[in-house]
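The following features are taken from TrEMBL:
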REPEAT    37-71  repeat 'PPR'
REPEAT    72-106  repeat 'PPR'
REPEAT    138-172  repeat 'PPR'
REPEAT    202-236  repeat 'PPR'
REPEAT    272-302  repeat 'PPR'
REPEAT    303-337  repeat 'PPR'
DOMAIN    518-610  domain 'DYW'
Amino acid sequence: MKYEPTSSNITKLCKKLDTSKVNNVNIWLFKFIVQLNIFAWNQKLTKYVKDGQPEKAIQLFQRMQQEGVTPNKFTFVPLINACAGLGALEGGRRVHEQLIQSGCESDVFVGSSLVDMYAKCGSIKDAWNVFNKMPLRNVVTWNAMVLGHVKCGQGQKALELFQQMQQEGSDVFVGSSLVDMYTKCGSLEDAQRVFNIMPSRDVVTWSAMILGHVKCGQGQNALKLFRQLQQEGVQPNSVTFVAVLNACASVVALEEGRSVHEQIIQSGCESDVFVGSSLVDMYAKCGSLEDAWRVFHKMPSRDVATWNAILGGCAMHGHGREALKHFEQMCEEGVQPDDITFVCLLSACSHAGLVDEGMRCYAAMVTDYMISAKLEHYTCMVDLLGRAGHLQEAENMVMAIPCKPKVAAWMALLSTCRIHGNVEMAERVAKQILEMEPDNAAGYVLLSNIYAAAGNRHLCENVERQRMEKGVKKQQGRTWIEVNNEVHTFVVGDQDHPQMNEIHGELQRLSGLMHDAGYVPCTKFILHDVEEEEKVSHVHHHSEKLAIALGLINTAPGTPLRIRKNLRVCEDCHTSIKFISKIVGRAIMVRDANRFHHFEDGICSCMDYW
């Protein structure tokens with residue numbers, strides 16, 4: 001019988017051992033204790049590596065050698081992984097030399113770890129030397145080689161390796177692993193190439209492709225993949241559903257999200273806590289907080305991620321006091337909040353202008369729940385103070401942030417400088433941002449807008465000239481709208497949509513009605529030195545207006561419209577949509593980069609505090 005060297009098994013073995021029948025009991029016990037000693041060292045090494053403390057793992061191995069403990073293959077695997085985590089190529093080579101001396105090099109797990117270490121340390125040549133000598137290779141070995149080539153920018157060689165794998169008897173699991181690896185690296189084109197040449201594709205492969213597109217901001221393509229999966233008769237699982245719900249959330253595809261919800265119910269996955277939390281998140285991000293609450297209350301069990309999803313929904317929709325109330329309920333139910341919980345709470349307080357409440361939440365996080373503040377928490381606090389006009393306090397907080405880099409916090413402060421028109425502080429803050437990130441397009445754009453709003457055309461143009469000289473490109477504004485279960489995308493001045501003539505006609509009709517109702521275009525942020533009439537024409541064709549016009553001409557009167565904008569909604573569009581909602585008698589929901597705006601009867605839920 002084989003016994004693992006644990007303390008409980010020592011006791012069991014000693015009880016079973018009849019010392020009268022064993023001549024060399026002391027020798028046997030000595031060998032067993034030595035084996036236990038190695039096991040304990042290896043366990044500790046592995047724990048350090050898993051906990052993200054590779055330096056401590058190296059130090060422990062050095063102590064192990066000093067105490068004369070002989071390593072085995074279970075020692076070398078975590079040690080090699082520690083070198084990989086540190087990028088310690090020379091240290092890894094020294095471990096490799098000891099491996100050769102110990103005779104463990106031929107082990108497939110040890111060899112795979114070596115290949116992975118050399119690849120992660122940038123030495124593809126050494127990785128190939130190990131790879132070619134290995135008598136056996138598993139999926140981990142192949143993945144390590146492919147990933148190494150991807151990281152070194154050798155995508156073509158990585159694809160050749162995959163084709164070689166197929167020739168040597170690759171199976172669907174290997175292909176799925178590669179697709180997953182490519183998508184995690186953000187290399188969708190390579191993932192698609194592997195996906196296309198796979199002889200068969202299972203639900204794991206499909207799920208990896210869908211989730212990869214979502215993570216790379218391609219929600220529409222993710223939804224297309226899900227439809228293709230269904231056409232090919234592949235049965236989605238809980239991972240697939242979570243991925244496609246994230247895709248629906250990213251492009252505000254509410255109706256498609258509801259369709260997916262029906263499939264989830266039919267599949268029996270609704271009780272899965274991860275699926276349930278994703279449903280709550282999807283409905284909240286698609287503008288239907290009511291549906292989010294219905295799913296939330298029906299869930300048989302709720303974890304901290306579920307509560308975070310509903311609290312985040314409250315924050316996005318500007319329901320600050322509701323978020324605080326439900327946080328209390330969460331604590332009463334014994335669910336321990338985490339750092340994300342407090343990001344949601346602080347964001348909720350910021351959007352609702354609840355400065356005192358936000359300060360109390362921040363203090364409670366640190367003192368009552370012993371959660372150390374991260375950059376996200378500091379950024380929320382800067383936003384909370386800045387929006388409320390406490391700009392100096394917000395700047396002081398950024399200066400005091402211990403973690404670096406802290407560009408996100410400076411950006412939050414610059415955004416609030418724009419709201420309050422504080423040019424002097426904006427110049428100071430923008431300088432900090434562009435020193436840390438010279439290619440930060442948003443920093444240039446915000447400073448330009450602040451100068452433009454202040455009427456300083458010369459400085460505005462100077463900032464734009466600097467941006468263009470450095471080759472920094474602005475992020476293009478995009479708006480998505482779902483009409484009849486199809487998601488449409490628009491950019492400013494778009495001319496590509498097949499219904500563009502009808503869209504322009506609807507905008508012209510609305511423009512006249514808005515003018516009669518007292519609408520005055522806001523053109524102060526237009527950076528070009530052109531006539532006022534051209535400025536009005538420019539804001540008239542912003543992407544959110546094009547999307548709304550499409551929704552109006554393709555849906556029945558009274559139907560609510562939901563749109564998604566990747567940037568902050570501009571002041572003119574915000575004013576325009578208030579007028580449009582009153583004129584057409586419809587609820588219009590806009591989710592921009594910061595929050596939800598619910599427009600109805602000429603009023604926005606943000607009460608112009610955004």
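Using the three backbone atoms N, Cα and C, a Cβ is placed for every residue, glycine included.
Within the chain carrying the repeat 'PPR' (202-236), a Cβ under 8 angstroms from the stretch's Cβ atoms is held by residues 172-173, 175-176, 179-180, 182-184, 186, 188, 191-192, 195, 242-244, 246-251, 253, 256, 260, 263, 267, 480, 487, 489, all 6 or more beyond its ends. Within its own chain, the repeat 'PPR' (138-172) has Cβ neighbours under 8 Å at 108-109, 111-112, 115-116, 118-120, 122, 124, 127-128, 131, 178, 181-182, 185, 187, 190, 193-194, 197-202, 205, counting only residues six or more beyond its boundaries. A Cβ distance under 8 Å defines the sequence-distant neighbours of the repeat 'PPR' (303-337), meaning residues of its chain 6+ beyond its ends; these are 273-274, 276-278, 280-281, 283-285, 289, 292-293, 296, 344-345, 347-349, 351-354, 357, 361, 365, 369, 371, 591, 595-596, 598, 605-606.
With a cut-off of 8 Å between Cβ atoms, the residues of this chain six or more beyond the repeat 'PPR' (72-106) that come close are 38-39, 41-42, 45-46, 48-49, 52, 54-55, 57-58, 61, 64, 113-114, 116-118, 120-123, 126, 130, 133-135. DSSP labels the residues of the repeat 'PPR' (138-172) in these numbers: 27 helix, 0 strand, 8 coil. Predicted-model confidence for the repeat 'PPR' (37-71) is 82, expressed as mean pLDDT. Assigned with DSSP, the residues of the repeat 'PPR' (37-71) fall into helix, strand and coil as follows: 27 helix, 0 strand, 8 coil.
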